[in-house]
Amino acid sequence: MPSWCPLLCRLAMLLCVWAPCQAQSDTELPPGTPIIQLRLAGDKRKHYEGRVEVYYNGEWGTVCDDDFSIHAANILCRELGFVEAVSWSPSSKYGKGEGRIWLDNVHCSGRERTLAQCKSNGFGVSDCKHSEDVGVVCNQRRIPGFKFISSFTNSVESLNVQIEEVRIRAIYSQRKRVPITEGYLEVKDGGKWRQICDEEWTEMNNRVICGMYGFPGEKGYNTKVYNLVLRLLAKRRKKNYWDFGVNCTGNEASLHGCKLGHKVELKGNATCEKGMPVVVSCVPGRAFAPSYTQGFSKAYRVEQPLVRLRGGANTGDGRVEVLKNGEWGTVCDDSWNLKAASVVCRELGFGSAKEALAGGRLGQGMGPVHMNEVECSGFEKSLTECYFNRDALGCSHEEDAAVRCNVPAMGFQNKLRLSGGRNPFEGRVEVLAEKNDSLVWGTVCSDSWGTMEATVVCRQLGLGFASNAFQETWYWPGDVRADDVVMSGVRCSGTEMTLAQCLHHGKHLHCPRGGGRFAAGVSCSESAPDLVLNAQVVEHTTYLEDRPMYILQCANEEHCLSSSAATATPSSYRRLMRFSSQIHNNGQSDFRPRAAHNSWVWHDCHRHYHSMEVFTHYDLLSLNGTKVAEGHKASFCLEDTQCEEGTEKRYECANFGQQGITVGCWDTYRHDIDCQWIDVTDVVPGDYIFQVVINPNYEVAESDYTNNIMKCRCRYDGHLIWTYNCHIGGSVSSESEESSFPGLLNNQLGHR
């Protein structure tokens with residue numbers, strides 16, 4: 001053997017790793033190599049993950065996890081057209097398969113072209129059970145130019161669609177619409193875009209395509225228009241059809257989950273003689289109604305009479321909550337799958353579900369668990385039409401179900417960017433705006449810039465939750481060509497999908513400090529805390545205490561008493577409405593004070609530091625919402641008083657320790673500590689509304705602010721006080737809210 005041969009062999013192997021070889025297409029396999037076909041199967045999966053199944057000798061079977069490795073997973077993923085494997089899973093993570101276990105003790109070096117070349121016990125030789133079926137997760141990126149070729153023409157209809165990309169190509173008259181809802185369906189296979197013959201195309205196929213593009217439904221289209229387009233194009237280009245048909249059930253999350261249809265005989269322009277290229281026409285949800293050039297214009301306000309999403313960072317993500325008997329509750333994740341998740345997504349005006357999440361992945365809810373063991377066919381109009389077990393015994397909020405839905409491509413991310421940051425999650429906010437009849441990048445004025453505005457920026461860019469809002473960004477050197485302010489007076493409610501939907505000055509800019517170093521900036525995070533007050537604890541611990549003024553001097557210094565206390569004599573008494581507050585962190589990250597440790601304020605009278613000057617507001621309101629008495633609580637000590645089983649305490653105030661509330665823990669402010677009250681000395685007897693607001697100035701970013709407020713009905717007879725019907729914001733229907741608090745419009749936390 002020549003001396004240069006080993007070097008060339010190694011080079012060839014490296015090329016096969018970095019530009020993966022197509023074992024069953026361009027290059028012939030060594031003689032005697034078994035011919036196999038692969039697929040990914042199982043429940044709760046994306047198209048690029050699942051249980052490994054092998055077609056051999058006319059029968060589908062599984063692979064045992066004994067001795068399986070990432071090398072074998074890489075070979076398998078590349079054979080399916082993915083660039084590489086991300087991970088592999090033992091012990092039938094994706095469910096137990098059926099039939100034969102074809103391969104056991106698989107050993108791959110990583111250089112093989114097909115899994116059949118790896119060493120094993122031999123096909124059908126195994127001592128495993130299906131509880132040991134192996135699964136893989138592939139990188140969802142496809143190999144550029146990968147050409148799917150079936151080795152078994154008689155088994156093609158049992159294989160999933162394997163292509164590089166899918167697109168809806170609009171005709172010229174509709175290309176400026178946002179989003180694109182109608183056009184020719186094209187698939188990219190072997191590096192080339194191809195159309196699909198519609199001779200065997202079904203409505204179920206349309207449903208899947210529309211769902212994967214974020215649309216809840218499909219509709220008919222004007223065939224005359226497309227027939228005319230075809231006649232015009234026929235004179236200039238040849239027809240270019242894909243080799244296969246498609247067969248979907250209607251419940252798949254994307255085209256990759258559908259089975260292949262019959263193989264199409266390609267005959268040049270004579271292909272698909274009885275049909276035409278597939279055209280798909282989709283119905284967008286109300287929040288994504290298309291418009292010309294203007295794109296999305298109205299703020300995101302989805303009507304959710306029976307089902308809603310909470311705690312998600314991005315539009316279409318969230319914990320699933322349902323309304324029952326006027327009260328919102330969660331769904332237990334037992335039997336939760338993509339069919340049920342897709343029913344939720346379509347009901348809310350999105351497409352099919354990308355993921356069905358379990359285990360409280362998007363935060364834990366409060367209140368009852370309304371549904372358990374949900375079973376849907378996938379075609380219900382509402383989750384409430386699905387079968388479910390009404391007995392949710394044994395389900396806790398640690399098992400709250402959540403979804404991630406497909407949403408339409410609106411192009412929002414192309415109109416905003418972060419510049420100068422240390423990583424992609426932070427930087428100066430720069431907006432693409434129209435100036436002198438051209439589009440230019442510019443900065444946003446930081447006057448009134450806060451957490452709500454930062455929340456919208458992070459959502460628009462798909463970067464998760466806001467972590468911080470910055471009013472000075474001199475330390476982030478952005479593009480000097482974008483220093484000019486193009487947007488000012490921005491005020492957001494926090495529900496908008498784009499910064500342009502927030503209130504702002506329009507063309508008449510006003511920014512006294514100018515841009516440059518005072519341009520607005522943000523930092524984003526993939527997770528956020530979510531503080532929720534336990535309403536029952538407040539309701540059960542409220543009482544009155546008359547306390548002499550001479551022992552309230554420290555509280556008076558910290559403005560915890562009403563204004564009349566300033567002229568009160570030391571021997572006089574103040575009447576205090578006392579209560580305990582138990583504040584839970586139900587989010588996905590710890591709640592930490594925004595101020596750094598060294599900037600906390602020392603209060604000499606109480607002998608402690610304040611990490612947040614205003615942590616909670618306590619208010620007594622008349623029935624029409626007028627404030628009659630108030631109190632507030634500085635966070636002198638944020639710590640983990642107690643935690644759920646299995647969660648360790650991380651924060652303790654003793655010895656100037658770190659402050660915060662860990663996920664799954666709660667901080668209790670007892671009724672007998674200073675300032676844990678409302679001074680009702682000057683309040684006359686009557687009926688009132690007792691309100692508590694946590695983090696009222698949005699000083700720390702959270703995943704959900706609607707549950708930061710709590711209201712109770714309250715009756716005071718001059719001697720005793722009763723609180724009843726306490727609940728947190730958004731926990732009951734608007735009708736129940738109105739009947740409990742008829743003088744107030746809603747129970748939501750207003751912006752600033």
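Cβ coordinates come from backbone N, Cα and C, glycine included.
Per TrEMBL, the features are:
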DISULFID  Cys64-Cys128  disulfide bond
DISULFID  Cys77-Cys138  disulfide bond
DISULFID  Cys108-Cys118  disulfide bond
DISULFID  Cys248-Cys258  disulfide bond
DISULFID  Cys376-Cys386  disulfide bond
DISULFID  Cys492-Cys502  disulfide bond
DOMAIN    38-139  domain 'SRCR'
DOMAIN    168-283  domain 'SRCR'
DOMAIN    307-406  domain 'SRCR'
DOMAIN    416-525  domain 'SRCR'
REGION    733-752  region 'Disordered'
SIGNAL    1-23  signal peptide
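Annotated features taken from TrEMBL, shown on the structure.
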{"residue": "Cys77", "record": "disulfide bond", "Cβ within 10 Å": "25"}
{"residue": "Cys108", "record": "disulfide bond", "Cβ within 10 Å": "21"}
{"residue": "Cys118", "record": "disulfide bond", "Cβ within 10 Å": "21"}
{"residue": "Cys128", "record": "disulfide bond", "Cβ within 10 Å": "18"}
{"residue": "Cys138", "record": "disulfide bond", "Cβ within 10 Å": "26"}
{"residue": "Cys248", "record": "disulfide bond", "Cβ within 10 Å": "23"}
{"residue": "Cys258", "record": "disulfide bond", "Cβ within 10 Å": "21"}
{"residue": "Cys376", "record": "disulfide bond", "Cβ within 10 Å": "23"}
{"residue": "Cys492", "record": "disulfide bond", "Cβ within 10 Å": "25"}
{"residue": "Cys502", "record": "disulfide bond", "Cβ within 10 Å": "20"}
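Of all the disulfide-bonded residues given, namely Cys64, Cys386, the one with the smallest number of surrounding CB atoms inside 10 A is Cys386.
For the domain 'SRCR' (307-406), the DSSP counts in helix, strand and coil order read 16 helix, 39 strand, 45 coil. When each of 38-139, 168-283, 416-525 is checked for Cβ pairs under 8 Å to the domain 'SRCR' (307-406), 168-283 comes out on top.
For the domain 'SRCR' (168-283), the DSSP-based tally of helix, strand and coil residues reads 31 helix, 35 strand, 50 coil. With respect to their backbone Cα atoms, Cys118 (disulfide bond) and Cys128 (disulfide bond) stand 18 Å from each other.
Residue counts for the domain 'SRCR' (416-525) under DSSP (helix as H, G, I; strand as E, B; rest coil) come to 19 helix, 40 strand, 51 coil. According to DSSP, the domain 'SRCR' (38-139) comprises 16 helix, 35 strand, 51 coil.
For the pair formed by Cys492 (disulfide bond) and Cys386 (disulfide bond), distance between Cα atoms is given as 37 Å, rounded to the nearest Å.
The average pLDDT for the domain 'SRCR' (38-139) in the predicted structure is 90.
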